[in-house]
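Step one of this worksheet: look at the structure below.
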Amino acid sequence: MKTRQNKYSIRKFSVGASSILIAALLFMGGGSAQAAEQQQDKGTVENSTTQSIGDGNEKLSEQQSTQNKNVNEKSNVNSITENESLHNETPKNEDLIQQQKDSQNDNKSESVVEQNKENGAFVQNHSEEKPQQEQVELEKHASENNQTLHSKAAQSNEDVKTKPSQLDNTAAKQEDSQKENLSKQDTQSSKTTDLLRATAQNQSKDSQSTEEINKEVNNDTQQVTAKNDDAKVESFNLNSKEEPLKVDKQANPTTDKDKSSKNDKGSQDGLANLESNAVATTNKQSKQQVSEKNEDQTNKSAKQKQYKNNDPIILVHGFNGFTDDINPSVLTHYWGGDKMNIRQDLEENGYEAYEASISAFGSNYDRAVELYYYIKGGRVDYGAAHAAKYGHERYGKTYEGVYKDWKPGQKIHLVGHSMGGQTIRQLEELLRHGNPEEVEYQKQHGGEISPLYQGGHDNMVSSITTLGTPHNGTHASDLLGNEAIVRQLAYDVGKMYGNKDSRVDFGLEHWGLKQKPNESYIQYVKRVQNSKLWKSKDSGLHDLTRDGATDLNRKTSLNPNIVYKTYTGESTHKTLAGKQKADLNMFLPFTITGNLIGKAKEKEWRENDGLVSVISSQHPFNQKYVEATDKNQKGVWQVTPTKHDWDHVDFVGQDSTDTKRTRDELQQFWHGLAEDLVQSEQLTSTNK
């Protein structure tokens, strides 16, 4: 019996020594963590928040490692002592020993949870606790652990002394103890979960606050670190350098502190122990979300589309043409009809192109001015002299501008269909030579004058391409367009759609054909009846006549720096009488005008596309021309071969009933035209 008492004394001594060792190591861990905290506090405000999290985690890892190591040592000592004391006891005694170990592990878990709570508070308070407070807390927990170990050791020794007859009662007590321990673990797990949620919310708030500071300062660089191991700790490094936001090239970069922790076996054991007890050190998920957002924002780069053409392509519609936002519902899409969207198809195939939106019934002069402001941007100024001469308002609608930097040296390609070909010729003339009448009027009356009328704006157009354009006018306008009944019908339609509730815009608002907000429709009709438009030559119907076209030809000239090209179609066949008759596949509304032109007195004018004679579409009579070849030329009209069985709208695909003209054929035509425009830039580029 004395020998057993001596062994019991040695056991008490070893347990006490272990407790002292645990307390000493805890003090050392706390001192190390405090030293790290004091060193980190020297940084900026942003760094202090992030570094305190790292210090808290490092402290937790060291304490867990120390506790795990000492508990293992204690367990080994107890195991040796118990083996010497019990020797070959019954299996029930072995179960008793195992129960003691489980109880010790529970105490260890309680200690870890308590330490975790301290670290949570440590993180939330941004490392502002004093070293003395930490030491008091550590001493308190060390004392509790020491008392627990003594009590367990004493209980174990007394149980060993107990006679075998008392083992049954001990087993029953052990079962009760197990139930209590399980209940404690559930309670601790619940508390730990609540603690983690609170810690995660605080850390998320800290992260958001840090991001707001970073946005205000605009000088911080975030370096985001992430690890795939769920037990690892993510960290943010906020540097006060005046550099843009950067993300490390490595997917999962690690700091020196992480590397040292990785190599520390004790830290790994502590983290593993925390995992087994459902205890986490940081809210990793919230930081991963921030990391992903930062990486997405950093890696975003503005995509600058590269076009095949250096100079944008501007598509200019003809008489009675509209863009989709202002056209009557009975009309199809102008550029492509139901077959395709020409502008969109060009864009998808690498060509920058735009659809101009100008007056449907206006004169070439007014349309050219509108086209200038459509490209350049601004409020349309028809000119003081021009407005006074024809009796309409000086100013029109305001355009945003599709090419605001348009100026000499910054060129464009102008492609006009039908009357649009005349309009783009008028615009180029105004750019180069301006309007002498406007210049003189401004000298006499003062006021402002648009730069367009001052002239001297050469090298702004790379090429001029016309499709079925009546360069020399058309018999259709001579015979029908200027008849009183036809003119009245056309303008009545414009007047009807000019009411304030209509979205349709014929481009005659400067003539007063737009109902005012406080004006009744009856008042609007009476006012419009007195408009000078009905007898004016400043209209599209006049400019399409042979006289109107001849007047334009006299006022315009070829620019030696521009590539000119014309495309012509015909959709009539010769009869036995020598006249031209509309083909069966001609667009139905054009059969009347096509047959009318086919009966013209001048035989050379009879072949036509339904609206325009072939001879008028090829080139202006008073200007130089050549047959087009594979090699482009400047300063001369290049006439392409006439396209047979192509009527006036086949160039823009508006006839959906024409089975001969397919979508693929239309697409091929426009792709070839666009490629030709790109080739012409080699001749007209000012950067050679």
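From the backbone N, Cα and C atoms, a Cβ is placed for every residue, glycine too.
Quick look at what Swiss-Prot annotates:
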| type | residues | note |
| --- | --- | --- |
| ACT_SITE | SER418 | active site, nucleophile |
| ACT_SITE | ASP609 | active site, charge relay system |
| ACT_SITE | HIS648 | active site, charge relay system |
| BINDING | ASP647, ASP650, ASP655, ASP658 | Ca(2+) binding site |
| COMPBIAS | 45-54 | compositional bias 'Polar residues' |
| COMPBIAS | 68-79 | compositional bias 'Low complexity' |
| COMPBIAS | 84-95 | compositional bias 'Basic and acidic residues' |
| COMPBIAS | 103-117 | compositional bias 'Basic and acidic residues' |
| COMPBIAS | 126-143 | compositional bias 'Basic and acidic residues' |
| COMPBIAS | 144-172 | compositional bias 'Polar residues' |
| COMPBIAS | 173-183 | compositional bias 'Basic and acidic residues' |
| COMPBIAS | 184-211 | compositional bias 'Polar residues' |
| COMPBIAS | 240-267 | compositional bias 'Basic and acidic residues' |
| COMPBIAS | 274-289 | compositional bias 'Polar residues' |
| REGION | 31-309 | region 'Disordered' |
| SIGNAL | 1-35 | signal peptide |
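All features noted in Swiss-Prot, drawn onto the structure.
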residue: SER418; record: active site, nucleophile; contacts (Cβ under 8 Å, 6+ apart): HIS317, GLY318, PHE319, GLY321, LEU467, GLY468, THR469, PRO470, LEU611, VAL612, HIS648
residue: ASP609; record: active site, charge relay system; contacts (Cβ under 8 Å, 6+ apart): GLY468, THR568, GLY569, GLU570, SER571, THR572, PHE590, GLY594, SER617, TRP646, ASP647, HIS648, ASP650
residue: ASP655; record: Ca(2+) binding site; contacts (Cβ under 8 Å, 6+ apart): GLY337, PHE587, ASP647, VAL649, ARG661
residue: ASP658; record: Ca(2+) binding site; contacts (Cβ under 8 Å, 6+ apart): ASN585, PHE587, ASP647, ASP650
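Every protein chain shown contributes to the tally, and the Cβ of HIS648 (active site, charge relay system) ends up with 31 other Cβ atoms within 10 Å. Each residue in SER571, ASN585, MET586, PHE587, TRP646, HIS648, VAL649, GLY653, GLN654, LYS660, ARG661 lies on the same chain as ASP647, ASP650, ASP655, ASP658 and has a C-beta within 8 Å of the C-beta centroid of that Ca(2+) site, without being one of the site residues. The 10 Å shell around the Cβ of ASP650 (Ca(2+) binding site) contains 27 further Cβ atoms across the protein chains shown.
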